[in-house]
Amino acid sequence: MPRRTRRTAPSRPKQKVYGPPPPTRDEECAQENDLIEILKSFGCFESYVELRHRENVVQRLESLFKEWLTEMCLQTNSPDIVPQKVGGKLVPFGSHHLGVASKGADIDVLCVGPGFLQRKDFFSSFVRKLKRQREVKDIRVIEEAFVPVVKLTFEGIEIDLVFARVARYRVPQEMDLLREDWLQGTDLHSVRSLNGYRVTEEILRLVPNVQNFRLALRTIKLWAKQRNIYSNSLGFLGGISWAILVARICQEYPNASASTLVTQFFKEYNMWKWPNPIMLRELKDCHFNLPVWDARVNLADRSHSMPIITPAYPMQNTAFNVTPSTLAIMKEEIQRGHTITRWSQLFEKPNFLRKYKHYVLLQATSATEEQLPAWVGLVESRIRHLVVNLERNVLVTRAHINVQSYPERSTGNARGGRHLSIDLTPNLQRFSDIVHSVACRCQMFREGMSTSARYMSQKDFSWDLPQEPGRRVISEEPQPSVSTAAPSPTSQQATKRSRSPHSETSSKKFKSDEGPSEEVCLSQSKSGGLKRAHTPESESPSKRVRTDLLRPAET
């Protein structure tokens, strides 16, 4: 009989692998330990005592809120409302709820009340109750914001309170705020307030490993703050946007360590083709007649430069403030992060004041110290509109805003505009008029409040950034500036502003890369109303915004 031979499968050729080998488990542990030590050196972790203090503050606010709800029930005197059963719910969200709060960070808190309350009751009656508490300081009400908020300091911790009311007579403590049916019949402001908590909770439920997610997110947040690209209101990304970006990487690499997640973060987003959206789950519409982001249906959503979509209904783009300039800056920073090989290099601060040649200083001034925080907050909330306006100038290809605040030490008056080849006066004047118009519309404007703008050269300013040497102002006479002390759509008058020797400044900057164009930097500062050396007149409390239009400085 013929002998049968066993057939063997042909051997497969070995697959070629390019690039460095992946790190071993021991190497990953070493990298993660190094990362944790660096984060500790930057104060990214709270101590147990600080964490307990925060929890006690939240509990104290919750008891005050429930006391106020009971008082409002007694005032209503309705037979359908039982004060003892009205309940009420107060929950933190944001970085505190995500578990990534750093030392000194504020706490975002959501207050949920029954539907018989009016929103004005919360921003009036409850605020008066808070003012009577000795632990509460520096309370401010911002009702005209996209999400109305009450800002305060409670036992040294900054708190942002938002309010939502649901169409129910009582709000039990065990109420699941992730259920979409609670949104039915709820007003739009309440939906926006609820979404802060709903989005935070959904992110925690959608990531496969919460501990690795938290460590990776702490790293990315520190990097973004160090590189001055952490600010939603100024056109960059806020905390929730960075959290969604990190959460998507965690979904892509569920078994990766935190250090590997950070490496993949820069690799993935360095190759990402914007404006393709980032989503943690498929788009969902519950048909509650609420606005939902969907570029397939809504034409306006197609114009967004960097869609980062929330995972909770109604899904929204958290990065709708991003402009072409800020997108280009963030892409450059992500590309830089992708090339970094050591953690210490990743968190180096940029040399912002050496990158551009020309600046425009925007100054917001109020008559008293008490008026300054609200006035500065309003001006800051409108700076991104100035960025968009400047981007429309054909000679400006980039508007770079430095979001960092820092003390200003000037020794004289600045001379500006000597090297500018374009006239930005109409843009800056329009910005001042818009700010004052909004202030009057929301009844915030007071006598003595004003905004002004003047051109500056890199050689003609003097202030210190952390880890950067300052420059000395050498000009002998002040240059004209664009200034308005009240809303004036037709006013184009220029006035002179003196420099304060001590102030806190945060810069914003715009860059032009081709043609006879310039770049712009915006900065903010606070100064007291006392007469100082080298200051020809008494200055009111102010916060300045420096705008720098120029191409990168030549070396």
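Here the Cβ of each residue, glycine as well, is placed from N, Cα and C on the backbone.
Curation plays no part in TrEMBL annotations; they are all automatic predictions.
On a predicted model such as this, the values are computed, not experimentally measured, just so you know.
Annotated features, as they stand in TrEMBL:
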type     : residues                                                            : note
COMPBIAS : 1-15                                                                : compositional bias 'Basic residues'
REGION   : 1-27                                                                : region 'Disordered'
DOMAIN   : 24-207                                                              : domain 'Poly(A) polymerase nucleotidyltransferase'
BINDING  : Phe93, Gly94, Ser95, Asp106, Ile107, Asp108, Asp160, Lys221, Tyr230 : ATP binding site
BINDING  : Asp106, Asp108                                                      : Mg(2+) 1 binding site
BINDING  : Asp106, Asp108, Asp160                                              : Mg(2+) 2 binding site
DOMAIN   : 352-409                                                             : domain 'Poly(A) polymerase RNA-binding'
REGION   : 471-555                                                             : region 'Disordered'
COMPBIAS : 478-492                                                             : compositional bias 'Low complexity'
COMPBIAS : 501-514                                                             : compositional bias 'Basic and acidic residues'
COMPBIAS : 534-555                                                             : compositional bias 'Basic and acidic residues'
Extra residues within 8 Å (Cβ to Cβ centroid of Asp106, Asp108, Asp160), Mg(2+) 2: Gly94, His96, Ile107, Val109, Val149, Lys151, Glu158, Ile159, Leu161
Spatial separation of Ser95 (ATP binding site) from Asp108 (Mg(2+) 1 binding site) - C-alpha basis, Å: 8
Lowest local Cβ density among Phe93, Tyr230, which the record lists as binding-site residues, within 10 Å: Tyr230
Farthest-apart CA atoms of Phe93, Gly94, Ser95, Asp106, Ile107, Asp108, Asp160, Lys221, Tyr230, residues recorded for ATP, distance in Å: 20
Cβ neighbours within the same chain of Asp160 (ATP binding site) - under 8 Å, at least six residues apart: Asp106, Ile107, Asp108, Val109, Val149, Val150, Lys151
Helix, strand and coil counts within the domain 'Poly(A) polymerase RNA-binding' (352-409) (DSSP): 23 helix, 14 strand, 21 coil
Lowest local Cβ density (other Cβ within 10 Å) among binding-site residues: Asp106, Asp108: Asp106
Taken over the domain 'Poly(A) polymerase nucleotidyltransferase' (24-207), the model's mean pLDDT: 90
